[in-house]
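Taken from Swiss-Prot, the feature ATP binding site applies to Ala27, Met28, Ser29, Gly30, Gly31, Val32, Asp33, Ser34, Leu53, Gly145, supported by sequence analysis. Per Swiss-Prot, disulfide bond is recorded for Cys121-Cys222. The feature active site, nucleophile is assigned by Swiss-Prot to Cys121, with sequence analysis given as support. Annotation comment: Swiss-Prot describes His146, Gln365 as site 'Interaction with tRNA'. Marked as active site, cysteine persulfide intermediate by Swiss-Prot: Cys222.
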Amino acid sequence: MTQAELAPSLNTLDFDKKPEETRVVVAMSGGVDSSVVAGLLKQQGYDVLGITLQLYDHGAAVHRAGSCCAGQDIDDARRVCETLGIPHYVLDYEKRFRETVINPFAESYVAGETPIPCVSCNQTVKFADLLATAKELGADALATGHYIRSGRNPSPENPGRRALFRPADADRDQSYFLFATTQEQIDYLRFPLGGLPKAETRRLAEEMGLVVAKKADSQDICFVPQGKYSDVITKLKPNAALAGEIVHLDGRVLGTHEGILHFTIGQRRGIGIATGEPLYVVFLDARSRRVIVGPKEALETHRVYLRDVNWLGDETLAEAAAGKGFACYAKVRSTRAPAPAVLHIDATGTYVDLTVGEAGIAPGQACALYSAPGDNARVFGGGFIERSEREPSAEACLKALLASPVAA
């Protein structure tokens, strides 16, 4: 099948008017995915505008392989737009990105969490600010290079609305990072790559003659020089590097550390103690600057409590989770397939019971919810993990330890 024959089948955008009468803004990071989106939509006849956000500009991160939305990437996006013959605009969002993504990222680490800055970026800069700009430009849609599908809501209860679904390429599934996308945003957004494998995206980039066809994929934390997030956090929040104790779940002080920012839940290597038994980071007590460690079984988690829940079901969240709860599938890691779970709401909060236990779940991470485990699963939203419950004995030890006084 030729490129011209393939393009119309990839994305009709579901508009009731001709492509040439439809304006689409493409969020262009300077990478291969968003560049191919722009190329496909141009081929289909849409009125395409490319917009790149300058999000940061600090030293090594600008030219680091796998960065995005910095100096070299902006130039790449410009060159792609020249090749395609579409307008390209650059918007300076550096201050906004620092306030809504970088600073909260550092604050989350200080609080003992393991944050996901990509979700914050999608929530604020991309799907709020850029989306608003697209509307101001008279665009009918904002298209991105994310690997996720959207389509008309299959439920008769919500006619005219759109829904999110996992992509065809499960290895590139980005739905975990998009759980917080609101219904209003989903109705306006389009994801042309949802039905494509990554290999086909790169082939199309080569066929289109795009300079970014062989460019490396962006990394999860794009704004961190050399991938050393601790350097960014220490600069913004020096107290995150304050020393503290490494304590066993049973209360024994095993050693000291140089800052909780160097640890994450589930970590085994690099803890800095030798006890003759394998120990893992079980909890980060930010208040007392303690790194709490224990055996692997102390990491086993079957229940996670959520905050800032974004619900995308057809019923209200309260209706869906009433009674015995809402049977669904959940992902607590971006690389895992959705596993059976039940969503509940009661006086203790909103929580998800995981049928299969997970180890190393950290506060600040996400729990995304789905209708099924397969590629065609609908995305029901999700929430940020506020806390998790371990097996009873480990939970009891942790609560006792956190309630005990800490030596000055």
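Glycine residues also receive a Cβ, built from the backbone N, Cα and C atoms like all the rest.
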Rounded inter-Cα distance in Å - Gln365 (site 'Interaction with tRNA'), Ser29 (ATP binding site): 24
Nearest of the recorded positions (Cys121, His146, Cys222) to Ala27 (ATP binding site), judged by Cα-Cα distance: His146
Site extent for ATP (largest Cα pair distance over Ala27, Met28, Ser29, Gly30, Gly31, Val32, Asp33, Ser34, Leu53, Gly145, Å): 16
Ser29, Gln365 as recorded positions, winner by CB count within 10 A: Ser29
Closest of Cys121, His146, Cys222 to Asp33 (ATP binding site), Cα positions, recorded positions only: His146
Rounded distance in angstrom between the Cα atoms of Cys222 (disulfide bond) and Ser29 (ATP binding site): 11
DSSP three-state assignment for Asp33 (ATP binding site): helix
Assigned element (helix, strand, coil) containing Gln365 (site 'Interaction with tRNA'), judged by DSSP: coil
Rounded Cα separation (Å) that holds between His146 (site 'Interaction with tRNA') and Leu53 (ATP binding site): 16
CB contacts for Asp33 (ATP binding site) [other CB atoms within 10 A, all chains]: 25
Gly31 (ATP binding site): tally of other CB atoms within 10 A of its CB: 23
Inter-residue C-alpha distance, Gly31 (ATP binding site) and Cys121 (disulfide bond) (nearest angstrom): 17
Neighbour tally for Cys222 (disulfide bond), based on other Cβ positions within 10 Å of its Cβ: 21
